[in-house]
Amino acid sequence: MEPLRALELYSGIGGMHQALRESCIPAQVVAAVDVNTVANEVYKYNFPHTQLLAKTIEGITLEEFDRLSFNMILMSPPCQPFTRIGLQGDVTDPRTNSFLHILDILPRLQKLPKYILLENVKGFEMSSTRDLLIQTIENCGFQYQEFLLSPTSLGIPNSRLRYFLIAKLQPEPFPFQAPGQVLMEFPKTESEHPPKYAINAEKKTEEKKTGPKICFDSSTQCSGKEAILFKLETAGEIDRKHQQDSDLSVRMLKDFLEDDIDKHSFFLPPKSLLRYALLLDIVKPTSRRSMCFTKGYGRYIEGTGSVLQTTEDVQIENIYKSLTSLSQEEKIMRLSMLQLRFFTPKEIANLLGFPPEFGFPEMTTVKQRYRLLGNSLNVHVVAKLIKILCD
């Protein structure tokens, strides 16, 4: 097989490139494109022999695209226009312009690529931009399948539910193709169970209007229970976390932790402990789960990722018992017994599937590393999709 010639758009720190390597598909990345200067430094540090174009995608002409002579596109367009916490500007968001430029260029290429893989946030599947993408690739003759996948399905203790699309230039559909459906798991062989469907794409307009109640985790049922237990958690949330920690198909976090680190430099400051005590998602090295790490991790506390309890012999329930009735000093003393720390950038990179040799230039700060990793993707998930796509 001739090595594939892959074009990596919105390359970031090189998650797609790393996944392509892991897939063991013979391939060369002919060019990577990104405007983020810090991300580009990290990319060059890890992939020094790849042509890196530090320019906007809108600035690349049809002729320049043709000259690159690629037959595969790997891309992870900006997710902010589609996030739940963003404004969801969709096609009207200026950050979508570069992707619209790609959709405009694609049908006019001298030679269409054979393969396309796209990653984005959950929510992209409900967007007008997604509709334009589907319309464009269908008109070009691609067969495609959409997915919503999390690394937990590969035994990795990190929730990072993301949208993926794989497309292949061929007349026959994929063996697992489910028209109008978004698959919630990797394709099974015929001897295994049929795939789960998340969304019927035809009905998504009505779903937008009614605002469906969605269970994001297939391991638990949507529960009406609202009993607040310790911290600001409902009985349903506690139950879900216990179920995740009991799932023996998922590895423990300790497999992904660094041995020799200065723990103290990653401890949560007392002010954060006081302010966010009831909102923290606390995990232990023996836990089999962690929240999605976002680009604000280490800087913001709420909703940006889990924190690690390093004293395993202390029961968290005992620490939180009657916490609200204590003075500030007593609260800090009690919470400090948990020795809560942030995950290090290296540990997050491990959970995202980057190999041990993947590194950061010394000049990059911890804050920059968190930000870049929060914008990246899970290498193992993408590697598996590349194998499925090229099979």
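Cβ atoms are placed via backbone N, Cα and C, with glycine included.
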Point to revise | Recorded S-adenosyl-L-methionine site member, picked from S69, S76, S336, that accompanies I13, G14, G15, D34, I57, E58, S376 in Swiss-Prot | key: S76
Point to revise | Largest tally of Cβ atoms lying within 10 Å of a Cβ, found at which of the binding-site residues D34, E58 | key: D34
Exercise for review: Using a 10 Å cut-off, grab the number of neighbouring Cβ atoms around the Cβ of S376 (S-adenosyl-L-methionine binding site), all chains included.
Suggested key: 26
